[in-house]
Each structure stands twice: as C-alpha cells, then as structure tokens.
Amino acid sequence: MFEATTILGYRGEMGGKKFAFIGGDGQVTLGNCVVKANATKIRSLYHNQVLSGFAGSTADAFSLFDMFERILESKKGDLFKSVVDFSKEWRKDKYLRRLEAMMIVLNLDHIFILSGTGDVLEAEDNKIAAIGSGGNYALSAARALDHFAHLEPKKLVEESLKIAGDLCIYTNTNIKILEL
C-alpha cells in the first residue's frame with residue numbers, strides 16, 4: 001500500500017546531549033514508474049521543535065500534516081498531548097479513517113508513528129521508527145548500526161536510508177535529513 005518511499009526517525013542521547021533526526025529518500029513512484037527523484041517528504045514543525053515525515057499518498061499525507069500541525073499548535077508544541085488528541089479527532093471523522101498515508105513525528109523526548117487509520121504507535125524503544133516500502137530495511141539497518149557501530153546520529157540515519165535505497169525498488173538514495 002505505501003510504495004514509493006522510506007522515512008526514518010531516530011532520537012536519543014549522545015555525550016549527554018539529546019538529539020532527534022528524520023530522513024527520507026526523494027523518490028516518488030506512480031505505479032511502476034519513477035516520476036520524481038528529489039521530492040521532500042520531511043519537514044520541521046512548531047518552531048523547529050518537532051520533526052515529521054510521511055509515506056503514502058501525497059494528498060492524504062498533506063491532509064495528515066495539516067491536521068497534525070493544527071493540533072500541535074493548539075497544544076503549544078506538546079507532542080505527547082498532540083498525538084493523543086490527533087487520534088481522538090481522527091476517530092470522529094469517517095473520511096479521515098481511509099487515508100492512505102503514514103507519518104513519523106518526533107522531538108527530543110518522543111517518537112511516534114501516526115497511521116492513516118488513526119493509530120498512534122510509540123516506537124518500541126522510543127528511539128527508532130521507520131515507515132514506507134523500505135521502512136523495514138531502514139529500521140533493521142538503524143537498529144544494527146545503533147547497537148554495533150559508533151556512528152554520529154546523522155550518519156546512522158544516512159547509512160540506514162542508503163541500505164534501504166539499495167534494497168527497495170521504491171526508494172532511492174537521494175536522501176534529505178533534518179535535525180533538532
């Protein structure tokens with residue numbers, strides 16, 4: 001269902017300093033054809049305090065972004081309260097329950113996956129989350145690199161997405177990364 005991208009979020013602490021990164025590839029696929037190689041599917045929200053990225057239908061993803069950003073603003077940037085209210089509001093609207101998109105949202109303290117069905121999932125370790133067609137490749141690579149390699153966080157995100165890009169035909173290695 002969510003062919004055409006990979007998004008990876010990574011947060012934690014290194015040397016006593018908290019960090020948060022999100023990265024994504026630039027490929028947009030329509031059926032079996034690549035229509036764009038340098039799309040931007042990540043952005044920062046609420047005065048650069050929250051990072052987000054999407055996978056899935058572009059129009060649906062923009063609906064997700066708009067709704068989430070409105071709620072985030074109303075909660076003054078409180079990510080936890082925002083995802084809870086997002087889920088509650090989502091369940092009330094029949095149209096929204098059918099969106100074919102997912103988002104990762106994170107800040108220095110939390111990382112969540114928001115689905116087009118209104119589900120909110122906190123990353124298992126509250127550290128790494130991935131979505132999209134290459135999400136499992138990127139997640140596996142990021143977990144391995146986090147556990148065994150001593151890479152800077154930005155480099156870990158970049159290398160994990162490169163691995164996904166090498167394996168997933170709907171993901172390329174034209175990678176963009178944002179950080180807090």
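The backbone N, Cα and C atoms fix where each Cβ goes, glycine too.
Around the Cβ of T5 (active site), a 10 Å sphere holds 30 further Cβ atoms from the protein chains shown. Here Swiss-Prot flags T5 as active site, drawing on sequence analysis.
Summarising the annotation, Swiss-Prot assigns Na(+) binding site to G165, C168, T171 and lists sequence analysis as the type of evidence. With a cut-off of 8 Å between CB atoms and residues at least 6 apart in sequence, the same chain places T6, D25, G134, T171, N172, T173, I175 near G165 (Na(+) binding site), listed in sequence order.
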Distant-in-sequence Cβ neighbours of C168 (Na(+) binding site), under 8 Å, six or more positions away: T6, S133, G134, Y137
Coarse DSSP state, helix versus strand versus coil, of G165 (Na(+) binding site): helix
